[in-house]
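S.K.: One structure coming up, written as structure tokens, with questions to follow.
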Ligand SMILES: NC(=O)N[C@@H](CC(=O)O)C(=O)O
Ligand SMILES: [Zn+2]
Ligand SMILES: [Zn+2]
């Protein structure tokens, strides 16, 4: 039985770091294990222009714990006013790694997102030209579409037509939650990838709703039926290079989660790697953990893999904080509902 595993240092290809005190509180939990992260731009107000991205990157660098090396990979929030020239310049100077599409109203802080795709056609064409990936929050927001169907309907109504219209555009389907999304990735070519979160490998919709409502398991896209969780596990552990880790670690204070209308998001940064090792071990796929956490993402983005290694060692149950304190109040850490045995050492 394997009880030690050395892998390249992981990257997180979908992360929410927030800003201000929250940024300072959550950032060390990511930098403890991860070398790089794609930083989502859904701040209030959002990170829309290259100037916004530069300023946000500086705030992240200023918040880094001492003697920590970490590279935030910045993204721009696509709006109907985004200028193709600004995006191209930001890409050329190495400031941004991707642009993020939020359908307006789909998720946390998405009000400035896209409603009319004709308006963003020029910028998407430019991105296809220069090879800059588009990360998508893949859910339709139409009130007539059941929330559990929003991802599958997005693929048919929005994503597939968009990829046909903008041939050559590289797309990452973020935080996929359905078998349909995994199948869509498999059926297409190298211009398509998908991130999978830690929590969607662990919970299904019963965890949120059965026996009482559990707001800390509520995130978007919402967790689906068990068959979808199993499909995501199969995709993540398959070794297929188009699937890679994006934790979507999305901290909200308990006060904002535990409301009559609570925020969506699971905060997984502190225990993500221990959970993933447990999941991959359960799937007899520990030998593929490194592909998912450390190799496939860089390959998609055309970046070098990290030189540094981390070692995971199996032992007594791992202890991790139940919550992280911020000046706005505590943020509850995702509870995977099982003991974790894989300890991370750098
Ligand atoms: N995933 C979530 O449930 N929430 C994210 C937004 C997002 O990634 O859609 C957040 O910013 O809180
Ligand atoms: Zn999202
Ligand atoms: Zn997210």
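Here the Cβ of each residue, glycine as well, is placed from N, Cα and C on the backbone.
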S.K.: Among 166, 175, 188, which residue shares the Zn(2+) 2 site with 100, 137 according to TrEMBL?
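M.R.: Only hit among 166, 175, 188 in TrEMBL's Zn(2+) 2 site, alongside 100, 137: 175.
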S.K.: TrEMBL has 14, 16, 100 binding Zn(2+) 1. Which one of 248, 254, 287 is in the same site?
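M.R.: It is 248, as the record lists it for that site.
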S.K.: Given that TrEMBL assigns 16, 17, 18, 42, 137, 220, 264 to the substrate site, pick the one from 33, 228, 252 that the record assigns to that site as well.
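M.R.: TrEMBL lists 16, 17, 18, 42, 137, 220, 264 binding substrate, and from 33, 228, 252 it also lists 252.
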S.K.: Anything from the recorded positions 17, 18, 42, 137, 220, 248 with its Cβ under 6 A from ligand 1? List those in sequence order.
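M.R.: From 17, 18, 42, 137, 220, 248, counting a Cβ under 6 Å from ligand 1 as near, the near ones are 42, 137, 220, 248.
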S.K.: Taking each of 42, 137, 220 in turn, which of these binding-site residues have a Cα lying within 10 angstroms of the Cα of residue 100 (Zn(2+) 2 binding site)?
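M.R.: Cα filter at 10 Å returns 42, 137.
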S.K.: Residue 175 (Zn(2+) 2 binding site) has how many other Cβ neighbours within 10 Å of its own Cβ?
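M.R.: A count of 28.
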S.K.: What are the sequence-distant neighbours of residue 17 (substrate binding site), meaning same chain, six or more residues apart, C-beta distance under 8 angstroms?
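M.R.: For residue 17 (substrate binding site), the qualifying residues are 23, 26, 27, 30, 37, 39, 40, 60, 72.
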S.K.: Which whole-number value in Å describes the distance between the Cα atoms of residue 42 (substrate binding site) and residue 175 (Zn(2+) 2 binding site)?
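M.R.: That separation, Cα to Cα, works out to 15 Å.
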S.K.: Among 16, 17, 18, 42, 137, 220, 252, 264, which the record lists as binding substrate, how far apart in Å are the two most distant Cα atoms?
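M.R.: Across 16, 17, 18, 42, 137, 220, 252, 264, the two farthest Cα atoms sit 19 Å apart.
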S.K.: Which chain neighbours of the Zn(2+) 2 site, leaving out 100, 137, 175, have a Cβ atom within 8 Å of the mean position of the site's Cβ atoms?
M.R.: 14, 40, 101, 102, 107, 135, 136, 138, 174, 248
